[in-house]
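Copied from TrEMBL, the annotated features are:
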- 15-314: domain 'Amidohydrolase-related' (DOMAIN)
- H17, H19, K103, D251: Zn(2+) 1 binding site (BINDING)
- H19, L20, R21, N45, H140, L223, H255, A267: substrate binding site (BINDING)
- K103, H140, H178: Zn(2+) 2 binding site (BINDING)
- K103: N6-carboxylysine (MOD_RES)
- D251: active site (ACT_SITE)
Amino acid sequence: MSTQLTSLTITRPDDWHLHLRDGEQLKDTVADASRYLGRALVMPNLLPPATTTELALAYYDKITAVRPSGSLFEPLMSLYLTDKTDPEEIRRAKASGKIVACKLYPAGATTNSDSGVTDVKNIYSVLEVMQETGILLLVHGEVTDASVDIFDREKVFLETILPDVVRDFPNLKIVLEHITTEHAVKFVEQAGDNVAATITTHHLMFNRNHMLVGGIRPHYYCLPILKRNTHQQALVRAAISGNKKFFIGTDSAPHFKQNKETACGCAGAYTSHAAVELYAEVFEEAGALDKLEAFTSHNGPDFYGLPRNSDTITLMKETWSVPATLPLGGQELVPIRAGETISWMVK
Ligand SMILES: NC(=O)N[C@@H](CC(=O)O)C(=O)O
Ligand SMILES: [Zn+2]
Ligand SMILES: [Zn+2]
């Protein structure tokens with residue numbers, strides 16, 4: 001007879017990959033993020049992107065200004081790398097104490113990445129200073145070559161771009177963000193201790209059949225795109241393995257409903273309303289709830305060299321309904337699981 005767990009208390013989680021956006025949207029995204037997260041690594045792909053310490057710190061101030069009163073939620077900031085990033089900018093970022101990472105978007109790879117890096121060799125002098133100062137490199141790992149099939153873009157990036165960076169900067173801490181393939185799992189497992197990966201809730205819960213069978217479902221469209229179920233299974237195995245190289249990074253990425261439900265819809269899935277609750281479902285389904293805390297609350301800060309949060313949250317086995325839409329800057333978004341139920345609730 002198996003006993004069913006009805007509540008689970010874990011160290012307060014963080015989110016190591018989160019899009020909060022800007023302007024009117026901020027109060028809604030920050031409200032969701034600050035419900036129970038200790039920290040979130042905030043992505044810099046704004047329009048215009050947060051390419052300098054000054055811009056990142058101004059963004060930090062805007063986020064903390066709309067933080068609900070009493071919330072201890074702490075945004076950790078990142079810089080958006082371009083072909084023209086000045087290596088000295090990295091020293092300013094380090095000195096700020098608020099910027100812990102830089103984000104490599106191959107130009108054109110994803111939402112708001114047009115000013116990204118066109119050739120990783122263009123940022124070698126920047127990576128040098130990041131390695132020296134201990135600023136992490138966060139990577140959107142996809143090639144943008146038009147001749148490469150969208151389902152192969154992560155694999156080809158891992159074969160052609162990332163090995164050089166890993167070889168040339170052996171002491172640079174690198175996080176391969178939102179991994180989607182068995183290739184990425186193997187790459188990270190086989191690399192040194194300076195290479196880790198985040199895994200989203202949606203890549204653990206879904207594969208491309210969820211997006212494409214029986215009709216095209218734009219709310220499952222994100223980048224890197226959902227892959228076949230064998231890749232999904234490899235990601236679940238990695239997440240529940242207890243391996244310290246894999247940790248939470250929701251990549252919760254809000255887009256207005258009308259920008260998703262259209263002939264050319266935006267890439268991004270919103271999960272901030274229920275991030276840890278959804279990971280709990282996945283881990284429970286895999287019979288590995290005992291591994292949830294390491295994934296959501298220990299491995300991330302350990303890799304970043306930051307203290308773990310010192311308090312806890314409690315998840316209750318309790319079913320609740322996700323609304324059909326959520327507010328986003330005076331408009332609305334459609335979250336993952338919209339109109340359906342979730343079986344865990346954070347108390
Ligand atoms: N993941 C996505 O599909 N979209 C993200 C960008 C990103 O993380 O690649 C976004 O900003 O909307
Ligand atoms: Zn990305
Ligand atoms: Zn993202």
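Keep in mind that glycine also has a Cβ here, set from the backbone N, Cα and C atoms.
Nobody curates TrEMBL annotations by hand; they come from automatic prediction.
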Revision key, fill the gap. Of L20, R21, N45, K103, L223, D251, the binding-site residues whose C-beta sits under 6 angstroms from any atom of ligand 3 are D251
Practice item. Consider only the binding-site residues R21, N45, K103, H140, H255: which of them have a Cβ under 6 Å from an atom of ligand 2? Write none if no residue does. Key: H140
**Study point:** binding-site residues compared (R21, H140) - the one with the fewest other Cβ atoms within 10 Å
**Key:** R21
Study note, to complete from the structure: Going by C-beta under 8 A and a gap of 6 or more residues, the same-chain neighbours of D251 (Zn(2+) 1 binding site) are H17, L18, H19, E177, H178, T198, T200, H202, C222, G268, A269
Review point. Relative to ligand 1, which of the binding-site residues R21, K103, D251 have a Cβ found under 6 Å from one of its atoms?
Key: D251
Check your understanding: Rounded to a whole number, how many Å is the Cα of K103 (Zn(2+) 1 binding site) away from the Cα of R21 (substrate binding site)?
Key -> 15
Study note, to complete from the structure: In all the protein chains shown, the tally of other Cβ atoms within 10 Å of the Cβ of H255 (substrate binding site) is 25
